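Peer 1: Reproduced below are the annotations present in Swiss-Prot:
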BINDING   G14, P15, T16, A17, S18, G19, K20, T21  ATP binding site
BINDING   T16, A17, S18, G19, K20, T21  substrate binding site
REGION    39-42  region 'Interaction with substrate tRNA'
REGION    163-167  region 'Interaction with substrate tRNA'
SITE      T105  site 'Interaction with substrate tRNA'
SITE      R127  site 'Interaction with substrate tRNA'
Amino acid sequence: MAVDQRPLAIAVMGPTASGKTALALEAAERWNGEIVSVDSALVYRGLEIGAAKPDAAMRAAVPHHLLDLRDPWQVYSAAEFAADARQAIAQIVARGRLPILAGGTGLYFRALLEGLSQLPEADQAVRASIAAEAQQIGWAGLHAQLARVDPVAAARIHATDPQRIQRALEVYRISGRPISAWQALPPGPRLPVRVLKVVLAPRERAVLHARIAHRLDAMLAQDFLTEVRRLRALPQLQAVAAPLDLPAVRAVGYRQAWQYLDGAGSLAEFRDKAIQATRQLAKRQLTWLRGELDARWFDPERDRHQLEDAIVGFLADRPAVRQASGV
């Protein structure tokens with residue numbers, strides 16, 4: 001059997017608030033790595049506190065990639081992410097360093113690790129037309145349109161997911177072919193690195209829920225709401241007819257804060273809604289991660305030694321690895 005000679009990389013996966021950022025930083029410092037963000041909120045400029053974006057000290061200690069790529073009124077697709085991530089990984093490998101893929105956006109991980117079919121490129125005029133229709137008939141009405149032309153995609157896409165509804169209709173209107181047919185085509189070439197997938201997830205749901213609540217309270221203490229007020233004051237966002245349909249504003253926490261600042265409920269109600277939305281996100285992430293059959297799961301508090309052993313074993317054949325203190 002042929003030996004897989006591809007360079008190595010580590011994917012640090014897990015639900016929100018599970019400790020992925022801390023592990024990625026520790027691993028990068030120990031094994032001469034650079035971090036590639038796999039997070040759909042971190043690509044947006046201005047999303048800092050609510051997205052738990054690595055701060056200046058973290059970025060000074062370890063190189064980070066795929067942060068602050070778009071303004072919050074723009075869109076960034078999974079295909080764009082996969083292309084940018086491949087380029088970043090190739091550059092990291094060329095420098096003789098270890099790529100560490102860290103984040104919790106399942107669509108981005110799938111696009112990168114499994115590949116995507118070659119969908120038609122985005123057409124801003126078509127997107128604008130669909131957005132205008134949404135203002136008239138709502139996203140539920142557009143979802144019904146999608147169900148008529150692509151029932152397979154409509155069954156997979158929730159009626160409250162405007163970004164995916166818009167993309168599916170855009171592809172159909174550009175090409176005349178349902179997006180589900182495009183997605184059934186063979187994916188692109190495999191990733192030119194061999195990846196160890198590690199999942200950080202507390203064994204008890206109550207522990208994860210407590211971490212989620214603690215992180216939200218820490219965000220509020222750091223003046224998260226002022227950050228959202230600054231976003232709301234941007235002229236480009238004020239010019240958007242439906243800002244809550246933008247991917248950046250729909251990011252968990254930001255959407256609930258935006259609605260609160262619109263006058264929807266009390267501060268306590270905002271906190272409860274944000275915590276509940278984050279729990280729901282974590283639940284979806286865990287559902288996706290259970291389908292990653294080749295991933296290895298670790299409790300972030302209990303399994304530190306087992307996690308270290310798994311990484312050390314994976315990297316055993318990697319030459320010239322510089323190490324510092326333990327994970």
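A Cβ is built for glycine as well, from the same backbone N, Cα and C atoms used for every other residue.
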Peer 1: Helix, strand or coil: which one is K20 (ATP binding site) in, per DSSP?
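Peer 2: Where K20 (ATP binding site) sits, the three-state DSSP reduction gives helix.
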Peer 1: Given a Cβ distance threshold of under 8 angstroms, which distant residues of the chain, six or more beyond its ends, lie next to the region 'Interaction with substrate tRNA' (163-167)?
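Peer 2: For the region 'Interaction with substrate tRNA' (163-167), the nonlocal Cβ contacts are 75, 77, 127, 130-131, 134, 139, 142-143, 146, 157, 179, 245, 247, 250.
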Peer 1: Other residues with Cβ within 8 Å of the Cβ centroid of G14, P15, T16, A17, S18, G19, K20, T21 at the ATP site?
Peer 2: G104, L200, A201, R211, P300
Peer 1: In terms of DSSP three-state secondary structure, what is the assignment for T105 (site 'Interaction with substrate tRNA')?
Peer 2: coil
Peer 1: If you run through the region 'Interaction with substrate tRNA' (163-167) with DSSP, how many residues end up as helix, strand and coil?
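Peer 2: Its residues fall into 5 helix, 0 strand, 0 coil.
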Peer 1: Quick check: which same-chain residues outside T16, A17, S18, G19, K20, T21 lie with their CB within 8 A of the centre of the substrate site CB atoms?
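Peer 2: Apart from the listed residues, the neighbours are G14, P15, A22, A52, G104, L200, R211, P300.
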Peer 1: Whole-number Å only: compute the distance from the Cα of S18 (ATP binding site) to the Cα of T105 (site 'Interaction with substrate tRNA').
Peer 2: 13
Peer 1: Between the Cα atoms of G14 (ATP binding site) and T105 (site 'Interaction with substrate tRNA'), find the distance and write it as a whole number of Å.
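Peer 2: G14 (ATP binding site) to T105 (site 'Interaction with substrate tRNA'), Cα-Cα distance: 9 Å.
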